[in-house]
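Just below is one structure, and these are the notes that go with it.
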Amino acid sequence: MALRLALVLLLRALLVQSNEGNDISLTPDQAAALNLTSDRTAGNVKVGEMKRTIIDPDHIDEGDDMLFTANQSAALNLTERMMQDVETIEIDDLLLTRAQAAAIASRKAVNNVAQHWPDENGFPHTLNLLTALTIHPLSVSTNLTTTTRIHSKLLHQSEPPQHPHTPPFFNHTALVDRTAVEAAIQHWRDHTCITFTEVAQTETGPRLRFIRHASSCNSFVGYINRADGQIINVPEWCEESFGSLVHEIGHAMGFWHEQSRSDRDSYVSILTHNIRPAALGNFDLEVDNSYGVPYDYKSDMHYGGKGFTKNGLNTIVSIDPRYQDVMGQRTGLSHMDKLLANTMYGCTAKLLGTCGIASDPCQNYGFLGKDCNCVCPEGTSGSNCETLVTPYNDIGFAPNTEIVTEPKTITTVGYPSDFALYTDFVKWIKAPACKLIKITFTDFELYQKTDKTVDGVTVNACWHDHLELRTSNMLEGDWYCGTSISAGQEFITTGNEAVLYFQARTNFNRGFSADNGLPLSPGTILIPSAQFLATFTSNERYRWRGFNLRLRVKSDTETFGDGGVITSPMFPKPHRGTYCEWHITASEGKKVQIDVTHLRIRYSNFLAVNPTTELYYRRGSVIYLPHRWAPRQIVSDSNLIRILFAGKYGSKGFRIEYSEVDNK
């Protein structure tokens, strides 16, 4: 069974005035069996003199990092059974009190000033217990048997415990790493006006208590006025991640997660079919208060792309593909994180008097620092950040991430030598409207698929290195690793864009090399449906220069297969000035079936489907979309169907799946 898809771009009339290393790849388990050394967190494996590294995907983000009390769960629509006798409830990396339940709309930052840490000597002040970082048996709960964990409406990368209602085990002799906690606290001191004071273990009243936890790295959100203080749970893996500790302190200061903002859908897309079923609630869109701070892919409060994945694929995708590898950084507060903290705690107003300045001089999302100078975001210049050189979100891509508009060879960094860890990149290939892109691989070698247990099910996937190749849907593609792409294998897009997203989590494979090119057009052709008669008339009373009429074919391409997808150019992003036609031909004795899965076009545009044997698009032989009576599934009368799209004005466009069906 084979379908032939011919993409024919209509003739366009333009009126213009005439004016090297070891070749053995080992998993950490295999290395252990061979008595090779292996680091606990990174899976560092030494073979001979070469240090081979395999990054363990289990702790590439915080995991369950929110804890809620019973009252806070009310806004999360918990069942009566879940609420019964529950003292403390974990929701990802947050711990919340009863009073916060009604406000648990997953804001970017706590809006209620009563949940901000109070001022002392004119500046927000936090007490923290560091003198003796002792281990608490479980939590601040007095009834340890009633602790439970639920899934939040937020994104996370790590896996929750297999038995979420079983209290985790604690090593009562272990201590939280004091140096790591102090470094994270100092980071907050350095970049905000919030002060932190160390107190003795015997101190009572509101304070932060950093305690050892077996697995969860989590915190309450905002200021909790309780005599026994508020805890931040810190497992070993979390204290080894500076940015994760900064993240949890951020929750304690009143920060929610970035991807929960009400404007999220303009920046990221959630792929629910890749999410573990029990975790779907984590991805609900919520109401927020962002204090006027713009969405920030680089936020320390943003999660990476594979939160709660059930299959190793992305669950959160950036609308602009270049940000896919930016999300989930854990190196510390981003500029917008710092701006948010200083805004919500009124630092500028407090500093104006101290600095003797009448009004805030900082522009372009700069803010007043403790030295009375503006702290400016990247991409600005001038003492007051007054000159915008580059927009904030256009800075911070991976070094090898780029938009590709010309044919070129794309390789991993250092190819044909082994690529290094974290040499990730995104190549966003863009061709002219209605052109297709052909990508031909000449070599491909990444780390192989491995098994990982997710909710009791063994999933074989590209958990370490991977190449995601998007050729039809610009939000989701096919994933490749090992040697799953052969030399000479070609991929042809269905539209004028392609995305290659590469992630490196080992350092002993060659990588890949691929040539990006545009399919050649065979020359000028005559398309029956594109025939037209152009008549020029004039009036002797008017004298004008006249015009030039230029006609050209934009593209003509054929692809073969059992089925596929066609979309409007740039789908799901808006197109403009596009005219395309597709001829889909089935095998002899078969028919073509199309299913319109997405359709959003303006009334001035149209999508016409001709399922008949009639050569031209005429009344009675064509189905126009959108039309409220038009079907969303259409089967051809013969083995040929024609689709014509006229998109003069920008709109989201369409997506159509086509397949070959029996002639019934």
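If you go along the chain as it appears here, the first residue is 1 and each next one adds 1.
Heads up, the Cβ atoms here are built off N, Cα and C, so glycines get one too.
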According to TrEMBL, which candidate in His257, His273 joins His247, His251 at the Zn(2+) site: His257
Among His247, His251, His257, the most crowded of the binding-site residues [Cβ within 10 Å]: His257
Integer Cα-Cα distance in angstrom, His257 (Zn(2+) binding site) to Glu248 (active site): 11
For the domain 'CUB' (385-519), residues assigned helix / strand / coil by DSSP: 3 helix, 59 strand, 73 coil
Glu248 (active site), number of other Cβ atoms within 10 Å: 28
